[in-house]
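Annotated transmembrane segment per Swiss-Prot: 21-41, 44-64, 90-110, 128-148, 167-187, 198-218, 237-257, 273-293, in sequence order. The domain 'GGDEF' annotation in Swiss-Prot covers 330-467. Per Swiss-Prot, Mg(2+) binding site is recorded for ASP338, ILE339, GLU381, and the stated evidence type is similarity to another entry. Sequence annotations record features per position, and here Swiss-Prot assigns substrate binding site to ASN346, HIS351, ASP355.
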Amino acid sequence: MHVHPISTFRVFQEGHLLRNSIAIFALTTLFYFIGAELRLVHELSLFWPLNGVMAGVFARYVWLNRLHYYAISYVAMLVYDAITTEWGLVSLAINFSNMMFIVTVALLVVRDKRLGKNKYEPVSALRLFNYCLIAALLCAIVGAIGSVSIDSLDFWPLLADWFSEQFSTGVLIVPCMLTLAIPGVLPRFKAEQMMPAIALIVSVIASVVIGGAGSLAFPLPALIWCAVRYTPQVTCLLTFVTGAVEIVLVANSVIDISVGSPFSIPQMFSARLGIATMAICPIMVSFSVAAINSLMKQVALRADFDFLTQVYSRSGLYEALKSPSLKQTQHLTVMLLDIDYFKSINDNYGHECGDKVLSVFARHIQKIVGDKGLVARMGGEEFAVAVPSVNPVDGLLMAEKIRKGVELQPFTWQQKTLYLTVSIGVGSGRASYRTLTDDFNKLMVEADTCLYRSKKDGRNRTSTMRYGEEVV
């Protein structure tokens, strides 16, 4: 996958009152305009994105949850209505109902954040579903009461229409707003990575062609596929687009769910609730996959890295040897390092000092080796370094560089300065990527033999074996 860097821009910034106020006013006006343009049948909008968007904004940026910011959003709604409608005082009640949804969802999500609840838990999606349900009901009660005088419908049909619209748009938009992020780089997808999205488009087309109430569920398998393959951000965005498109297509009878009978509000009520219920499924799956992936990374991190020294563990080293970056390996040098007289450090200064020595030692070795090799703790005070190279001499030079670097590096413990030394055994030979693990194991045996020779001959030395002879 190729990536292209893109610049990032933040609309809201903490502590910038004027900037945030202008942004809230502009955003409210923009999405009020979009919703007003979708008033196709009655005075009520077919699809009202404003409340979901603003609820997501206030929920996402905790520091925006201030009375004056909410007031600015409310005033923006009133100003728009004053310019474009003749609702008069009725506008106060209708827009207050909008604020009911925004404030309810925002405060409930902010409460979850303060309680430290994970945003990528499956239960998080279910909580959002419930929050939108509660907020939509409160919004619908106030809105239906306020809009009776400007709409030809009675209270109960208005309540059903208002509730279903707020609930469906909330479930579609709020998760999208909470997860939306501008990536630092723009990925270029491969053809096979686009298959779930293509399947989603085909399923929506099938809904149009086949029709019927059941056709609204056609995109669900494709959305589940997207949830498994894509990130929660992409999944929520695709779910929102799919749900919004279906609602618009149903309202315009492009997707015919009326089965020969005249289209009515109860059918729109059912369609919206069905789409909202369907939408939460891929979001829950996506959050589940994200949680599992996060857990797997933590497990892999614990298995592949030594907790104390933060270098590879034994198993992690073997996994690293499988990396495609080592495909050009022609020669491999394996070093076994043993800190000299480490037991006396534990005996004289305590195990806490010993742990600190191991940590500092590993960090120093990692700094010397850099990206030229792999460093791992094999157990106790014994470490291994694997250096893939083209020239056999490179590994031996690296071993001596490590030995001298350790010898010259002072270690301070409780105002006492200690100097460490290390004995190194080196195994060196030809290697290829296909057999790299086997080659490593063979050279480990050779390095272990040479390490024994280094310790036997007085420690603080590097030993290697060439052509059957031992060279120090």
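Cβ atoms here come from the backbone N, Cα and C positions, even for glycine.
Keep in mind the model is a prediction, meaning the values are calculated, not measured.
The structure, with features from Swiss-Prot marked on it.
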residue	record	DSSP (3 states)
ASP338	Mg(2+) binding site	strand
ASN346	substrate binding site	helix
HIS351	substrate binding site	helix
GLU381	Mg(2+) binding site	coil
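At the 8 Å Cβ threshold, with sequence separation of at least 6, the transmembrane segment (198-218) lacks contact with the transmembrane segment (90-110), having fewer than 3 such pairs. The stretch in 90-110, 128-148, 273-293 that contributes the largest number of Cβ pairs under 8 Å to the transmembrane segment (44-64) is 90-110. Here the domain 'GGDEF' (330-467) has, by DSSP, the following mix of helix, strand and coil residues: 71 helix, 45 strand, 22 coil. Remark: HIS351 (substrate binding site) has no non-local neighbours by Cβ distance under 8 Å and separation of at least 6 in sequence. Simply put, out of 21-41, 128-148, 273-293, 128-148 has the most Cβ pairs sitting under 8 Å from the transmembrane segment (90-110). Here the C-alpha separation of ILE339 (Mg(2+) binding site) and ASN346 (substrate binding site) works out to 12 Å. For the transmembrane segment (128-148), the residues of the chain that approach it from at least six positions outside its boundaries are 43-44, 51, 55, 90, 92-94, 96-98, 100-101, 104-105, 108-109, 154-155, 158-159, 162-163, 166-167, 170-171, 174-175, 178, 276, 280, 283, judged by C-beta separation under 8 angstroms. Across the domain 'GGDEF' (330-467), mean pLDDT in this model comes to 90. The Cβ centroid of ASP338, ILE339, GLU381 marks the Mg(2+) site; residues of that chain outside this set whose Cβ lies within 8 Å of it are LEU337, ASP340, PHE342, GLY380, GLU382, PHE383, VAL422, SER423, given in sequence order. Cα-Cα distance from ASN346 (substrate binding site) to ASP338 (Mg(2+) binding site): 15 Å (rounded to the nearest whole number).
Annotation for the binding-site residues ASP338, ASP355: lowest Cβ count within 10 Å of the residue's own Cβ, ASP355. In the structure as shown, the Cβ atom of GLU381 (Mg(2+) binding site) sits within 10 Å of 20 other Cβ atoms.
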